[in-house]
Amino acid sequence: MGGPHGGPFLLFHVLCFLLTLSEVGSQNSKACALPCPPNSSCVNGTACRCAPGFISFSGEIFTDPLESCDDINECGPPSPVDCGSSADCQNTEGGYYCTCSPGYEPVSGAMIFRNESENTCRDVDECSSGQHQCHNSTVCFNTVGSYTCHCREGWEPKHGLKNKQKDTICKEISFPAWTAPPGIKSRSLSAFFERVQKMSRDFKPAMAKKSMQDLVGSVDDLLKNSGDLESLDQSSKHVTVTHLLSGLEQILRTLAKAMPKGSFTYRSLDNTELSLVVQEQGKGNVTVGQSHARMLLDWAVAAAAEESGPTVVGILSSQNMKKLLANASLKLDSEKLKETYKSPVRGAKVTLLSAVSSVFLSNTNTEKLDSNVSFAFALHEQPELKPRQELICAFWKKDSNGNGSWATTGCWKMGRGNGSITCQCSHLSSFAILMAHYDVEDPKLALITKVGLALSLACLLLCILTFLLVRPIQGSRTTVHLHLCICLFVGSAIFLAGIENEGGEVGTRCRLVAVLLHYCFLAAFCWMSLEGVELYFLVVRVFQGQGMRKLWLCLIGYGVPLIIVGISAGAYSKGYGREKFCWLNFEGGFLWSFVGPVTFIVLGNAIIFVITVWKLTQKFSEINPDIKKLKKARVLTITAIAQLFVLGCTWVFGLLLFNPESWVLSYIFSILNCLQGFFLFVLYCLLNKKVREEYRKWACMVAGNKYSEFATTTSGSGSSHNQTQALRPSESGM
């Protein structure tokens, strides 16, 4: 570089190089006939080619000046790029690269690579490395490529969160709040819930097993020594049992979540059994069994859709629940039963034959299951079924008022054998096996009853009008007959209009009807007893008695039944009204408030009539008997005995009318009831000569004919007149 010609020589060479480049560029520009888009190059001066990693719509080489070269997505399908497992492909402008998926790291240390052969990704254990973000209420569990946060044992996710998620936050399992049902006043129930509250305060998840055993024992004590629970009305009992069943299901479901995984069975001293299974949801079926019941269901049914974690399946079976379920109603499938028995079914009397088994699952949405659940319930009795009886699979259905009743919708009996009944149900609740005795309505009997009562009412009305309007027969015995017919008329009218309790609930209307029927029919028997007393004054007391005054007759005839009904209603007002009929309740011997007085009256009248017949026999055996007067007295006695027989027999069968098993006797009662008013009309009106004369007179007056009364010649002796006066012929007339 130090020679004299060095500088000019170097400058000359630089100028020559620049001129050469200018010439080459000029030649290339002149060689390409069209402008090429970005990411492309000219080919042979007439076309363009996209750079590697780009592609045009027309292909690799194109001549369209409007064409463009777009990036090829090597990571999208279809693509020959394979980064291998646990790796993700990342597309770039004109290329791509591979990286390990989240939760994985490269063993080689190279963060990017080109294909599967260079893949060295392996799982990262976030739990052991401390890279997790689990809350301190959870435990970290590593998974392939990730991790999950599980609630600690005895803990559950907070409301709105799920278990086994990265954001899971848990709280310690607590004893659910459970208080007494509102409106139920019972010392036994209050003491039970005080014990429950103490369990709640002392509860620890680690002691869940003991807490469940204590809870079952407390329920046994409540039901075994029910105390004042027995005195509750039927509706309150059913509200109580509904509250107990639903509360037990909720608490046992919650406490079971704190139990270790596996099976658990507990049997109390009172034969109440608790069986449950706690485990991760499996595939196929799960079976839970005990001596009272066995259950088979799909794991998918048992698991809760909104929760993840151990699944709970359990059964609690109690025999003591039947104390609160006595006389519980059964909701019937009326159309199906009508088709079966070819006649409407008004109701059913049920008998509990098994323990009451309550089912609880992790899944709380059990009103409509995806697959049916199978049950086998052990029977405590092996009944022989009679006509109109059936064994049914029933469940306890809660209504909107907190009450409940038995129902069969969604449950089917599959078979019977080996002392058990198998069932299938499409929902879950509390189940039991019932023997239902159906009350099948007999249309013929209903028609006979309605027509017969209408006929009886018509005849009784004629009797009442006759006793009021026919003056020749007025007297104390006619007064007795009048009020007897009035009582029977009012009672029969109420019976015809209001005896049926169609709603099923015993309300004020039904109780009032039962009270009125009780009073009217008791009053009828009281007036019948007064006729026996009248006969006693007439015949036994040497034919000189003048009978009882009307005031005393009314006080006794209406006052005595009023006292009996008043005492009965005051002592036990709930004894009036039944589920199907507005009549006296059979429970607790309340029916004796009617049967007792009626039995006493019938027996008393029978004794009076025996004495009367005996006295008449003595009179006939005298040396100079007054045959005419004795014959009339005998007629009165015979009619009174006939009346006692008809009324007494009618109500002997009438008491059986309300027993669904006595449908044959119900026919007898209906027929006798039809003849009751007709018999009194014939006996005291049509067979009475004076009444017939009045009827004939009225008929002629209506027809417009003049009535002629032919006087009969009688002996004018004073003795004959005195005898007639003594017997009060205006009342006999026969």
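Just so you know, glycine gets a Cβ as well, placed from its N, Cα and C.
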Of the listed cysteines Cys32, Cys36, Cys69, Cys75, which one does Swiss-Prot record as disulfide-linked to Cys50? Cys69
N-linked glycosylation site: annotated position in Swiss-Prot, out of Asn136, Asn722: Asn136
Please check, using only what Swiss-Prot records about topology, whether Phe581 lies on the same side of the membrane as Lys689. no
Let me make sure I read this right: Swiss-Prot says Cys100 forms a disulphide bond with another cysteine. Which one, out of Cys75, Cys121, Cys127, Cys134? Cys121
Where Cys134 (disulfide bond) falls in three-state DSSP terms: coil
Spatially closest candidate among Cys32, Cys36, Cys140, the listed disulfide-bonded residues, to Cys100 (disulfide bond) (Cα to Cα): Cys140
Using DSSP with the three-state reduction, classify Cys32 (disulfide bond) as helix, strand or coil. coil
Would you mind giving the whole-number mean pLDDT across the topological domain 'Cytoplasmic' (684-734)? 61
I need the CA-to-CA distance for Cys69 (disulfide bond) versus Cys32 (disulfide bond), whole Å please. 18
Would you identify the secondary structure of Cys75 (disulfide bond) according to DSSP, in three states? coil
Three-class DSSP secondary structure - Cys69 (disulfide bond): coil
Look up Cys127 (disulfide bond) in the DSSP assignment and reduce it to helix, strand or coil. helix
